[in-house]
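*Asks:* Pasting the feature list from TrEMBL:
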DOMAIN    131-192  domain 'Spo11/DNA topoisomerase VI subunit A N-terminal'
ACT_SITE  160  active site, nucleophile
ACT_SITE  160  active site, O-(5'-phospho-DNA)-tyrosine intermediate
DOMAIN    196-232  domain 'Type II DNA topoisomerase VI subunit A all-beta'
DOMAIN    241-411  domain 'Topoisomerase 6 subunit A/Spo11 TOPRIM'
BINDING   246, 298  Mg(2+) binding site
């Protein structure tokens with residue numbers, strides 16, 4: 001009688017958590033992960049390709065990290081050029097590298113987007129560009145001040161130096177990227193940072209401005225990713241992989257369940273759209289620790305777009321893609337094929353809007369998607385079924401289904417693309 005009750009309870013658990021019966025022991029899954037991680041580390045020993053190694057038909061531009069003295073010198077040289085320009089009767093104008101989509105190029109060998117060398121003229125004398133030229137001058141002046149004082153400010157601080165001129169922070173942010181491109185340096189080199197957004201938890205120890213941080217002892221909230229990547233060093237880890245999570249809710253679930261102790265890993269999230277600090281931090285972890293990166297995003301076009309920003313770069317900041325991109329990120333889930341494979345209930349699936357479908361079709365035209373046939377297949381399925389789902393859809397099988405069944409089974413089966 002007791003055996004029947006026990007069997008009935010086990011059957012009930014299996015029904016409420018489908019596919020749990022397929023799970024092998026943690027030790028067996030760990031063996032799979034160790035083999036995968038070791039294989040990845042061996043393949044990461046070769047020096048990565050750079051633009052200089054390729055003979056491209058188009059001339060492309062890239063920026064680099066510059067010391068403050070060089071940033072200061074570049075600004076002063078630019079101002080001298082402007083003075084000569086004005087004195088010679090040519091007027092006051094900036095030559096600004098174009099960051100338009102027509103001036104972008106996807107390089108398959110590098111698996112990232114780069115910026116071509118086309119530039120535009122931004123004259124002070126023209127009514128359509130006088131304000132933007134004024135904003136550019138103001139930003140250059142502020143950056144010069146920062147380089148002299150050797151201090152950091154946030155993008156918000158920069159905006160509030162002249163709210164009436166900038167009007168909207170998006171405008172000062174856009175010109176900041178232009179200035180970075182003009183000076184040939186990364187945005188980090190300008191000493192302008194974004195507010196802290198991303199967080200990390202798990203099997204990682206690193207120094208932050210001299211203080212040693214153990215990310216296994218940072219509680220459920222984890223450690224905020226420092227906005228200034230120059231402060232970060234001495235990375236140490238016994239993790240087998242990095243788990244990149246799109247959303248805060250899934251991150252909190254995994255952190256609270258201490259998923260990183262069951263399967264040694266580092267869990268990181270930017271809580272949605274990737275910010276520069278998180279992208280730089282992810283690149284640094286992968287490069288220094290030689291760990292594979294597996295991504296957990298929503299099953300919708302925007303989840304894949306977020307994944308592509310981490311992997312191939314954003315068109316907005318293609319001039320700095322060499323520093324901001326982390327190539328060869330594996331798409332772990334949630335993928336469109338998972339909706340039926342894991343029997344996600346209909347009430348947990350959402351119909352795609354017309355805009356969703358358009359975004360999905362546009363992604364299918366992108367070279368970085370076309371390069372991966374498995375991604376194309378998944379995206380075609382999404383557009384065909386017109387269904388999407390968030391990571392939280394797995395909670396219909398229990399709040400801990402993500403950490404107890406879905407992810408362990410994915411890792412066991414090496415089900416990533």
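For all residues, glycine too, the Cβ spot is worked out from N, Cα and C.
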*Asks:* Just the number: how many Å between the Cα atoms of residue 298 (Mg(2+) binding site) and residue 160 (active site, nucleophile)?
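*Replies:* With the alpha carbons as reference points, the distance is 35 Å.
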*Asks:* When the number of other CB atoms within 10 A of each residue's CB is tallied over all shown chains, which of the binding-site residues 246, 298 has the maximum?
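*Replies:* Output for this query is 246.
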*Asks:* Within the domain 'Topoisomerase 6 subunit A/Spo11 TOPRIM' (241-411) only, compute the mean pLDDT.
*Replies:* 95
*Asks:* What are the non-local neighbours of residue 160 (active site, nucleophile), defined as same-chain residues 6+ apart in sequence with CB under 8 A from its CB?
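*Replies:* Those within reach of residue 160 (active site, nucleophile), by Cβ under 8 Å and sequence separation of 6 or more, number none.
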